[in-house]
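Colleague: Attaching a single structure in structure tokens format; questions to follow.
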Amino acid sequence: MSGETTSEREGPTDRELLERLRAPAGADDRDRALETLAERHLSAVLAFLAGRTRDAELAAELTQQTFADAVAILVDPRSSAWPREPDRFRAWLFGIAERRRLNHYRRQGREAGRAKVLGEERSLDDLPREDPERPDPADDPVRLYQARLVVQEVARTLPPDDRELYEWYYREEMSAARIAERLGGAAKTVNNRVTAIKTVVSEGFHAFLLVANDRTSCPRLAEIVDRYPVPFSAELRDHVVKHTYNCARCGSCGQCRLCRVTDPARITSACTRSADCERCATCHREHLALRADWAPAVALLLFLRPVREAVLESIRQTTGSASDGGDRGDRDGEVLSGRRGRPRGRRRLQAAAAGVSAAVVLAGGAYVAGLAGGGEDSPAAGPDDRPAAGTRVVSVVPVTASGDVRADHTVLDLSDALLDGCGPSAFATAPDIVTCFPNSATAQACWVEEGRTTVLCGSPWEKRVRRHAVSDGPIGRAEPRAEADRQPWTLELDDGTRCNPRWGGPAPILPGELSGRYACEGAGLVVEGADVPLFDKSAAVWTVQLLPVGSDPGSSPRLEPRRKVAAVYFAGRP
């Protein structure tokens, strides 16, 4: 499914299909109209919900409920909830989906106040987007392509029988009934096996991204990765999943000595931890962020097919038509969430995802704070600032000494967009500056407010902060890293080019042993390697190695002269 409108598609428009529902020409006319509408819009609704919930599995469940609600209305032409604007049928479905989502969170008790803000009288266009600079979902097919490559890599770790079933169901688009006929079993058994495979591939997807990219802040994960040869294997997959969910200090993870769970499909649900065994907090936070960031792509690749079958079967049951059990194409949707990925670095498994490359540059602005010898609008320079003749070390300070927002800044209230998993920011030079998830692209540096249940997230490039509430309780005190371990939030090269932490999907394939650390506004990547330091600080003016866009991933790269860095930006306090 794609994000195109009905006027851009072949066949009847949504208006014509709705008219056929009101006055069907034959016995099967209503059924076919419902199925066509479902096939046309299902992937868009699934991607919409995955982007809103940041959870592929929950989005799949809510999508089925959304279409059940819609079908119940559409089979009754006298219903007062019938679409009033037939040409905006997808928007009508989105409204049902949004109400389903809000009802779910009300039951969970997590967004009691959100329903008052997002009343039905408001348009979905009024809802705040996490990242207004991100292209609309229908304009971002690259992310789906990246995810598909990773899924294919993870699918290779399945046992031969499961890999064959995966190919039949997801690649050849065979129905469960046909697969059961070929195997000489029951369709229900096939569906159960598909569900288990879906779980393994979904968890393996996020484990692959953890492994394939830099996790230097978790030395235990680095030790785990070093035990296994490339390419990505089932053993490494299961070990990383257990490390993330169950045991930060896990050993071989061939099986848990206490619970004896070895089935990868049951690691996250049936594996119980002993009292002295805790999951890795660092990797779990990263895992949650990956699940959120990649939820729309995972939903479309792994959940769309079973959701489509469930929705079509529901339509047949509602209208009383018999299931034909035939195969239906699983045309992967191209509707993706406007959500950025996570910062990525280096790992040996970069080659496993050849062709996957996304260097996403964060939104710009004009916010400069703490410049050495700063201008009239800049706050006083901090003690870390360098002389004007050298690279400036800028402290971005959007708050006063008492923690209030500075008078020259504005506040955008996004309290309804909850954050969680807040921990010390790698960009901080002062206490209580955190990075939060899942809005990782816009919550890299957030200043904890007095009550410790809200944060102010800023950007080096604009005089505006975003206020978010946190969903997992008061934030503990966050201490900055040691000075040697801090990372610049952003860079500014000598020609004014801005470079932000690389915040995208799987790491790009780069020449030699290089890895990309910052993306520079279309100019390329700031890279580092064994003989290529990230920052050369031997002189007053720092330098970095810039690799232009489109460089050939050969083994012996020809590097251009290093670029001068005009300024580096950190997150600080007065």
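Note that Cβ sites are derived from N, Cα and C of the backbone, with glycine treated the same way.
When I checked TrEMBL for this same protein, it listed these features:
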- 1-28: region 'Disordered' (REGION)
- 37-110: domain 'RNA polymerase sigma-70 region 2' (DOMAIN)
- 117-141: region 'Disordered' (REGION)
- 151-195: domain 'RNA polymerase sigma factor 70 region 4 type 2' (DOMAIN)
- 317-348: region 'Disordered' (REGION)
- 325-334: compositional bias 'Basic and acidic residues' (COMPBIAS)
- 339-348: compositional bias 'Basic residues' (COMPBIAS)
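Where in this structure would I find these features, and how exposed are they?
Modeller: Taking the domain 'RNA polymerase sigma-70 region 2' (37-110) as a whole, pLDDT averages 87 in the prediction.
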Colleague: Work out, from DSSP, the number of helix, strand and coil residues along the domain 'RNA polymerase sigma-70 region 2' (37-110).
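Modeller: Its residues divide into 59 helix, 0 strand, 15 coil.
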Colleague: Let's see if you can do this one: DSSP helix, strand and coil counts over the domain 'RNA polymerase sigma factor 70 region 4 type 2' (151-195), in that order.
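Modeller: Helix (H, G, I), strand (E, B), coil: 34 helix, 0 strand, 11 coil.
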